[in-house]
């Protein structure tokens, strides 16, 4: 009979090599994944820093009736940078999401997959938080610009309600603000100049908000769905804890009852033994 020991040993060594290769490939994949996570986190931090700088630019522009062009250009550059970086983050998060969905579609489940899902969820939430802050900053700036326009209109003797002013802004026509204003004083001219400046800022702002709206809603819906999933997990965990606690309690009761039953059984055996001794002694006395 042919000795196949060497052949089997070679096959085993080959299998071991395959296992090592798979492990190394998986480790390399996770290393690359964590590098990507750090890159995304860096992008999100950059957006957060830019949002704070945008707030400072807003304050500087509002502090001056006619802000210098340099400040306005710097604000536009910041807004453009936020948009570009946000699109990068969204693209990378989408790529991770698709990779996770593919593995889930193949019914694969591993510690690595759970880690990736957790990291993706954390980054998505952080991204939505910083973009929510940016959106709130833009909305606040719009309201402040709107307030300045309303005050300048009052200076010219024209009173408007908030709804009327909103209609004027939505028209997108700067000339509508000059309607009914008597341009016979430098005060009226200066007021109209600031109105036009603020209106121009609002138009740029609304364009930026529209550009980011779809992306923001897409990510917000993703995070909301993740939140529902996390809530379900927490619910299941809480109920699992309750179940375990009840099981422990029931086990303690069972042990207690079992202990009592065992003691009763021992007492019965002892009584039987004693009774047997008494009967044996009695019979012995009779026949003795």
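Note: Cβ is positioned from N, Cα and C throughout, glycine not excepted.
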Which stretch, out of 26-67, 68-109, is listed as coiled coil by Swiss-Prot?
68-109
Consult Swiss-Prot and report the residue, out of 14, 162, annotated as phosphoserine.
14
